[in-house]
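J.: Positions annotated as active site, schiff-base intermediate with DNA by Swiss-Prot: P2. Per Swiss-Prot, active site, proton donor is recorded for E3, K58, R291. Per Swiss-Prot, DNA binding site is recorded for H109, R131, K174, and the stated evidence type is sequence analysis. Under the heading zinc finger, Swiss-Prot lists 265-301, citing sequence analysis as support.
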Amino acid sequence: MPELPEVETVKRGLAPAMEGARVAKLELRRGDLRFPFPDAFADRVSGRTIVSLGRRAKYLLVDLDDGNTLISHLGMSGSFRIEEGRIEEGAGAATPGEFHHARSKDEKHDHVVFHLESPAGPRRVVYNDPRRFGFMDMVGRADLAAHPFFRDLGPEPTGNELGAAYLAERFRHKAQPLKSALLDQKNIAGLGNIYVCEALWRAHLSPIRAAGTLATAGGRPKEQLNLLVASIRDVIADAITAGGSSLRDHIQTDGSLGYFQHSFSVYDREGQACRTPGCGGTVARIVQAGRSTFYCATCQK
């Protein structure tokens with residue numbers, strides 16, 4: 001499933017094509033994805049101008065000129081592609097943030113098509129989703145924070161609200177494993193399995209230690225928590241710069257691949273040498289809450 005850096009890559013890839021464009025027609029080729037589309041969805045979007053694109057956690061946000069926001073989640077296999085001009089079906093397409101194998105480009109999985117008009121000419125932005133785990137919704141922009149998708153989300157990992165003092169208060173007295181606490185979207189929004197593993201390695205913290213051990217009894221952060229916050233920020237920033245992780249043919253708008261996977265220090269490196277200088281340990285894989293965790297037991301304590 002795409003994590004925050006991959007969704008941010010999608011947003012940045014789509015923005016030049018979609019921002020300022022008018023949706024001449026929203027074409028729905030089926031009645032649902034993971035969930036049914038909102039009532040009169042196509043009619044409510046058609047004719048509107050796209051003001052801006054945004055992101056909250058792992059959700060793509062499309063702000064419209066009538067004060068509504070279209071919400072899109074890519075699920076397991078969703079992707080958008082941009083088709084420039086009046087071109088042959090599938091020709092000349094660019095794919096900003098693709099997280100599945102090339103076989104998934106089969107046009108029978110094209111479920112939503114934005115027919116756009118802009119000064120640069122006509123475009124189509126096509127949503128393709130073979131497994132249909134993605135979904136779309138619509139909400140008034142003023143009500144976005146109260147929407148069920150967002151109302152319980154914690155702060156963004158790169159935002160000013162995230163700090164050691166905040167996490168110390170959230171983790172205080174908790175016996176929950178540290179990795180599980182970091183994956184809890186109520187604590188931090190948008191963090192996923194890959195980048196939690198990488199951030200914990202950078203901070204030299206074990207994924208299985210109790211989250212509460214990083215805070216004092218009075219709820220103050222220990223120094224290790226300051227390092228963890230810095231590591232989270234750094235790993236997310238590095239992944240966004242790299243265009244995300246191409247575990248399954250992730251392609252950016254210009255056709256280039258995300259390459260952060262080449263910088264993985266622990267994720268998917270079971271049995272390989274730890275990259276911490278002088279460590280000498282080996283990356284291990286364990287399962288926590290049904291997910292693979294990769295870490296070095298020698299230097300992560």
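Our numbering is plain: 1 for the first residue shown, then up by one each step along the chain.
Keep in mind that glycine also has a Cβ here, set from the backbone N, Cα and C atoms.
Burial and contacts for the listed features, if you can.
T.: Other C-beta atoms found within 10 angstroms of the C-beta of P2 (active site, schiff-base intermediate with DNA) number 28, with every protein chain shown included.
Of all Cβ atoms in the protein chains displayed, 21 besides its own lie within 10 Å of the Cβ of E3 (active site, proton donor).
Under the three-state DSSP scheme, K58 (active site, proton donor) falls in the coil class. Close to K58 (active site, proton donor) in the fold, though at least 6 residues off in sequence, lie M1, P2, E3, L4, V7, H73, L74, G190, G192, each with a CB less than 8 Å from its CB.
All protein chains considered, the CB of R291 (active site, proton donor) has 14 other CB atoms within 10 Å.
Within the same chain, residues at least 6 positions away in sequence whose Cβ sits under 8 Å from that of H109 (DNA binding site) are N128, D129, P130. Reduced to three states, the DSSP call for H109 (DNA binding site) is helix.
Mean predicted confidence for the zinc finger (265-301): the pLDDT average there is 97.
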J.: Would you identify which of the binding-site residues R131, K174 has the most other C-beta atoms lying within 10 angstroms of its C-beta?
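T.: In terms of Cβ crowding, the pick is K174.
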J.: Measuring Cα to Cα, how far is K174 (DNA binding site) from R291 (active site, proton donor) in Å?
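T.: Taking the Cα atoms only, K174 (DNA binding site) lies 20 Å from R291 (active site, proton donor).
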